[in-house]
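Below is one structure; the comments refer to it alone.
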Amino acid sequence: MRQMIVGNWKMNGLGAPSRDLVGEIAEGLATIPSPPQVVVCPPFTQLAGIGPLLKGSGIALGAQDCHQAASGAHTGDISAAMLADLGVEYVVLGHSERRRDHGELDETVREKTQTALAAGLTPIVCIGETGDQKASGESRDAIGWQIQGSLPDGFSGVVAYEPVWAIGSGNPAASQDIADMMGFIRAELVRQFGAAGKTIRILYGGSVNGRDAASILPIAEVGGALVGSASLQADTFLPIVRAAVDL
């Protein structure tokens, strides 16, 4: 299975600079033999403009959220079907910033995941413990409950482990900590989903950069990376993509 590198642009990117960025990423990707799967997740406002630019580039289009309802009276929200209509293939759900800023619960993430799957999107469901949970030795309990609460029966998407305390810090988790948690997450997926849990891709996220990607991506059970700030420039994103080649 090829590695997957997902660029989460968060609330960044205006029209022309966003189009320039995907052009630079596409140019760089074209020079990489047997590249990994690459997904870019711009803000909603850039999806329609960027989608056509990705055709034939090997880069898939992703979004950063969707509403749990298929349609209806939800002012300001975006449905999974609307995303699919724009050519979106992936959607990030349950990111810690959504949970923090919008009070999203595991139940909400689960409902959004079901809606995304029904619309033909591949959900990338984020899980991760806080600094306080890590300090008190509750990391595994927190992750276990998130897996149980956020992933619906028959889940067939991607899981992204992002320790909340590492996001935006500039310092990813230590390799041994990542390895330990990845092993635990895999065991929990198998416990919850049986044999299907063995094939669910797990990404690592949390201050991933070109310097550390080469040591993170080869860790057992790591199937790729969910990249935040380093995805906002081609010269910081492409080194992560290159680190995933041949893994």
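Backbone N, Cα and C define each Cβ position, glycine as well.
Annotated active site, electrophile per Swiss-Prot: H95, in sequence order. In the three-state DSSP scheme, H95 (active site, electrophile) falls into the coil class.
Residues annotated as active site, proton acceptor in Swiss-Prot, with sequence analysis given as evidence: E162. Around the Cβ of E162 (active site, proton acceptor), the number of neighbouring Cβ atoms within 10 Å comes to 26.
Sequence-distant contacts of G168 (substrate binding site), defined as residues of its own chain at least six apart whose C-beta falls under 8 angstroms from its C-beta, comprise S207, G228, S229. Among the features that Swiss-Prot reports, substrate binding site is placed at N8, W9, K10, G168, S207.
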Just the number: how many Å between the Cα atoms of W9 (substrate binding site) and H95 (active site, electrophile)?
12
Considering all pairs of residues in N8, W9, K10, G168, S207, annotated in the record as contacting substrate, what is the maximal C-alpha distance expressed in whole angstrom?
13
Please list, in sequence order, every residue of the chain apart from N8, W9, K10, G168, S207 whose Cβ lies within 8 Å of the Cβ centroid of the substrate site.
I167, V227, G228, S229, S231, L232
Please report the Cα separation of N8 (substrate binding site) and H95 (active site, electrophile) in Å, rounded to an integer.
10
Expressed to the nearest Å, what is the distance separating H95 (active site, electrophile) and E162 (active site, proton acceptor) at their Cα atoms?
8
